[in-house]
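First the structure, in the form of structure tokens, and then the observations on it.
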Amino acid sequence: MGRAARWFKGIFGMKKSKEKENCVSGDVGGEAGGSNIHRKVLQADSVWLRTYLAETDKEQNKHAIAVAAATAAAADAAVAAAQAAVAVVRLTSNGRSGGYSGNAMERWAAVKIQSVFKGYLARKALRALKGLVKLQALVRGYLVRKRAAETLHSMQALIRAQTSVRSQRINRNNMFHPRHSLERLDDSRSEIHSKRISISVEKQSNHNNNAYDETSPKIVEIDTYKTKSRSKRMNVAVSECGDDFIYQAKDFEWSFPGEKCKFPTAQNTPRFSSSMANNNYYYTPPSPAKSVCRDACFRPSYPGLMTPSYMANTQSFKAKVRSHSAPRQRPDRKRLSLDEIMAARSSVSGVRMVQPQPQPQTQTQQQKRSPCSYDHQFRQNETDFRFYN
């Protein structure tokens, strides 16, 4: 028994020494190759891998020694069983060669001893085999778990290396492309500057329009048609404007800030004036039909939405072109002076109009006047026209 165990230990001891030499040589070569291939791997990961490989080698050696001991025990049991079988064979052969001289009692005793001894040897061999199978299962399970852990650790190291490389690339891209924020700031500044320029140009054009209104001729045009036809024409004009009226209204807000421009309302109509005259109210003449406010509202300040407002033709330029062009032929309308208009209204309504002497206007009243109408051309206050029954 002892000789067999020593023999097995000697064999496995030689194998272990050879395996250690091979492992040492393989580790040296692997470290040299790894240093040449993986130069960019972090130092902490490389140290961890080295320690992990050393620990795994030690554990493998321990398990190999345990397996060798188990196999040696099984071999000892097999040798003992063989020796017992040889002894039984010798006893049986000696009894047979002695002839039939022995008693039956001795034969029965010999058979009984042999059966008991064979059963003992069989049970011992079975126990050894069971222990060997269990040891093999444990070793195989440990090896499988070890391989899985190695693969997981290698994946973690690979992911760390990839993340480090990606972070370096991102840093390089950020270093080589630092001008995006500056370009955005320049764009915003240029937009603000262009808006300021457009607002200043519109203010200048409004100033020119006001200067032109002061020198415009004092002519009033009156339509002899009914109010229904006038409302129809206004509806047609608004429908022809279409969706552009929204954008024109926005431009109108920029060109006429505050309450400087006032539209003619129902209070400026002749019917309302006659009804108010019955109640001894004062009356102010309405602004002409073609006023600067209406032109600014119903005529686009620029032909297209894509063109900026400061490149459009101003109202003073349009008025100059209109003055140089040929006059329109309007047979349905006639031009009357202010006296004829007021006389016609007084004759129709049956009231008497008294016109007092004009009074000079103060500077505050002139500032309150709308720069978009022709009211400042007549130089009359609210008390200029009085209606009596």
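Cβ from N, Cα, C; glycine included.
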Swiss-Prot annotation (region 'Calmodulin-binding') - matching range among 2-16, 122-136, 137-151: 137-151
Of 207-234, 347-374, the range Swiss-Prot labels region 'Disordered': 347-374
